[in-house]
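Comments concern the structure below.
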């Protein structure tokens, strides 16, 4: 005897959606929130580099460089970059015995 004959299979009417009362405001609100969440998640995944770069660097404006010679601007940029660069000497190698 096959295992399939031993298992109860739901009849077709049990598979259908039982929420025929879709005029319920809670169901409508949940649907709208779900769709908005999906749209925002997709946009976040598509543009996350632009969005987070804007938050990280765009909101923290540095000092104004108006009237400052280009050589001093370049020196300032270099200092800022050196402060950001990771120094490999800070890492500790642990050897387990």
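Glycine is treated like the rest: Cβ placed from N, Cα and C.
According to Swiss-Prot, the feature transmembrane segment maps to residues 23-43, out of the candidate ranges 23-43, 44-64. If you average pLDDT over the topological domain 'Intravirion' (44-97) in this model, you get 70.
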